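Taken from Swiss-Prot, the feature compositional bias 'Polar residues' covers 35-55. The annotation disulfide bond is assigned in Swiss-Prot to Cys85-Cys156, Cys108-Cys124, Cys191-Cys241, Cys210-Cys229 on the grounds of sequence analysis. According to Swiss-Prot, the domain 'Ig-like C2-type' annotation covers 139-257. Swiss-Prot lists Asn46, Asn123, Asn153 with the feature N-linked glycosylation site, giving sequence analysis as the kind of evidence. What Swiss-Prot records for 35-56 is region 'Disordered'. Here Swiss-Prot flags 1-26 as signal peptide. Residues annotated as topological domain 'Extracellular' in Swiss-Prot: 27-267. Summarising the annotation, Swiss-Prot assigns topological domain 'Cytoplasmic' to 289-355 and lists sequence analysis as the type of evidence. Positions annotated as transmembrane segment by Swiss-Prot: 268-288.
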Amino acid sequence: MPCTWITSDLQLRLILTLFFVAECLSAGMEGTKTSNNSMQQLDNGNHSSVSTTSSTERKQSTVTLYAEVKTSLSVLVDTKAVLTCPPVLWPSVLVVTWEIVLRDKPPCFGAYRRDTNQTTRGNCTDKRITWASRPDENPALQVDPVAITHDGNYTCQIVTSDGNFHHEYHLQVLVPPEVTLIQTEKGTAVCKAAAGKPAAQISWTPEGDCDTEQGPYWGDGTVTVQSTCRWGSRHVLNVSCSVSHLAGNKSLSIQLSQGAEIPAHLKNLYITAPIFIILIVVGSIWLLKISGCRKCKLKKTEHTPVVQEDEMEPYASYTEKNNPLYDITNRVKTSQVLQSEVDGMNLHTIYVPRV
């Protein structure tokens, strides 16, 4: 790539040099011819010699004419830019060249030669940079669409029979930033102008205690600016963020949920109140648990004798089931006692014990 650029550059400069030499030779020949005519006319009369010499001086001074103009041009990204050459009389044009120097790229050349009606390009690979129309009609340059990478210098040089004319453009590509406005949990407002070129400026309405920071530049030349604003104890409900930029101004508004930041004593109250409530609940549960355990212990102590009596009942039942003769003997004795009582009452009853 560097070799190609050097070769193209040398070719273009060689063309220009040839035209300059040809122009100078032409001017020299005209001067010599005029001088000879002047010498012949000098013999015929002094007045004619003075007139011819003055005409030659005017011609030579016109050939050495040199004009240069510099212009700074700002163009919005993704639009069309047309760069024009210096206004000159077209019949006198010999060569038109464009030199393009972009950021981090080698120079690019484009040329048009009028006598042969030919165009050449050297090291120009960007197809978005072209002639605006036919170079034999209008040698203006066109960039469509404009990208961030088109930042740089564009120079049009026209070589004419009357002299050289330069017009240099310093092209700056503008990128509008993306503007956002939000409210944080701390009661502050944050306005951000992201990925703008060049850096944007941020202002607030109403004014407050604001802190504006500019981030680092990205590889494409864009930068982000962020402003954080707070209003302290002032009762502010609505705020506006205004972003000023060469690509256009923008303003956003937001309604704050709280006009001022929460005081310190209220913050402490909001923190300690939940903790205090949790302690009360935990303490109440602990007290209820202790009182419940005490009641359980008292109930167990009161029911202890009953439990012992109940524990004896299975043994008694076991004795009864395993000693049926003991039960019959008791029934016989009971029957005899009842019989004696009946006899005492003069009642005769026949009792038959059950076997």
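Quick reminder: no glycine exception, Cβ is built from N, Cα and C everywhere.
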Cα-to-Cα gap, Cys229 (disulfide bond) vs Cys85 (disulfide bond), nearest whole Å: 49
Between Cys85 (disulfide bond) and Asn153 (N-linked glycosylation site), the C-alpha gap once rounded to whole angstrom: 14
Fewest-neighbour residue among disulfide-bonded residues, criterion Cβ within 10 Å, set Cys108, Cys191: Cys108
Integer Cα-Cα distance in angstrom, Cys108 (disulfide bond) to Asn123 (N-linked glycosylation site): 5
Euclidean distance between Cα atoms of Cys210 (disulfide bond) and Cys241 (disulfide bond), Å: 11
Local backbone state of Cys124 (disulfide bond), from DSSP in three classes: coil
Winner by Cβ contact number (other Cβ atoms within 10 Å) across the glycosylation sites Asn123, Asn153: Asn123
